[in-house]
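Feature annotations, reproduced from TrEMBL:
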ACT_SITE  31  active site
BINDING   31, 218  Mg(2+) binding site
BINDING   32-36, 44, 48, 76-78, 80, 82, 199, 205-207  substrate binding site
ACT_SITE  79  active site, proton acceptor
Ligand code: IPE
Ligand code: IPE
Ligand code: MG
C-alpha cells in the first residue's frame, strides 16, 4: 500500500520509529534565481543557470543522507506566463540539463521521473524526458522527481478526469470514490508522501506545488536564494525537522503510547 494512503496512526508509527528522523521524501521549491541574478545586475537567465548547479548540491545531499525521494519544483503551470524570452531560456537550460546530467545520474543509481503537463513541452524535450525515465527506470538509490509544467490544481483536476472516465466506462461507481481512490490517481501515489518541504527565496507560500500530497508535510522556509543553496542549509532543515512532533491530527499522549486505547 502506498504510504500516501496510510491512516494517520499508521503514518505516525512509521514516522516515530525512524532513526535520526531523516525524511524519506523531501520536496523542494527552488525559488530565488531571478533575484540572485538581479542583485548582481545580471539577466535573470544567469540566475537560472546558477540554479541548475544548486540542483546538484541537493541531489548530492540526498544521496549522502539516504533520502529516498527528492521532488524538485522546476517550472510551474503558471511559469508559462513569464516573458517569452525567459521561458525560451528556461527551455534551453532544461534541454541542456537533460542532455548533460542523465548519464551521470544513471551511473549514481538515481531514478528520474517527471510530473506535470508534459504535452506543453516541445517534442524534443518530451523525447528526452521519456528517454531519461526509460534509461533510469531500474535505479533505486534515489528517486528524483522533477515537477515541470506542474501545478497542484492540474494534478487534482487530472485525477478527477481519470475517475470520471472510469465511471463513464462503467469501471467505477461514484459512491466508491473516497480519499483513497482519488489519492490513488494523484501523481506520486506510489511513493511515500513528502515528509519535509523546503522553500528557498523567502516567500512563505506553496505556489500551486503538491497541494494534495503536502497535507501533513512539515514546512521549512529560508531567505537564502536557490543558487546559494549549500549542504549546511539543507542540514539545518533536517535538524529542525527531526525535532518536530508530527501528530497527524492525534494527541501528543497518543503518540507517546500508540498501543493504548485513547480515553
Ligand atoms: C525559481 O526562481 C525558478 C523558476 C520559477 C523557474 P525565480 O525565477 O522565480 O526567481 P525569483 O523568485 O524571481 O527571484
Ligand atoms: C514557484 O516559484 C515555482 C518554482 C519554483 C518552479 P514562483 O516564483 O513561480 O512562485 P511565486 O510566483 O513567487 O508564487
Ligand atoms: Mg520566484
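The backbone N, Cα and C atoms fix where each Cβ goes, and this holds for glycine too.
Just so it is clear, the model here is predicted, and its values are computed rather than measured.
Structure with TrEMBL features highlighted.
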residue: 31; record: active site; Cβ neighbours (10 Å): 20
residue: 32; record: substrate binding site; Cβ neighbours (10 Å): 25
residue: 34; record: substrate binding site; Cβ neighbours (10 Å): 20
residue: 36; record: substrate binding site; Cβ neighbours (10 Å): 23
residue: 48; record: substrate binding site; Cβ neighbours (10 Å): 23
residue: 77; record: substrate binding site; Cβ neighbours (10 Å): 18
residue: 80; record: substrate binding site; Cβ neighbours (10 Å): 12
residue: 199; record: substrate binding site; Cβ neighbours (10 Å): 23
residue: 206; record: substrate binding site; Cβ neighbours (10 Å): 16
residue: 218; record: Mg(2+) binding site; Cβ neighbours (10 Å): 18
Do any of the recorded positions 31, 32, 77 touch ligand 2, in the sense that the CB is under 6 Å from one of its atoms?
31
What recorded positions among 31, 48, 77, 79, 199, 218 have a C-beta sitting less than 6 Å from any atom of ligand 3?
31
Distance filter, Cβ under 6 Å of ligand 1; input binding-site residues 32, 77, 80, 199, 218; output 32
Out of 31, 79, 218, which of these recorded positions is nearest residue 199 (substrate binding site) by C-alpha distance?
31
For residue 79 (active site, proton acceptor), the number of neighbouring Cβ atoms whose distance to its own Cβ is within 10 Å equals 18
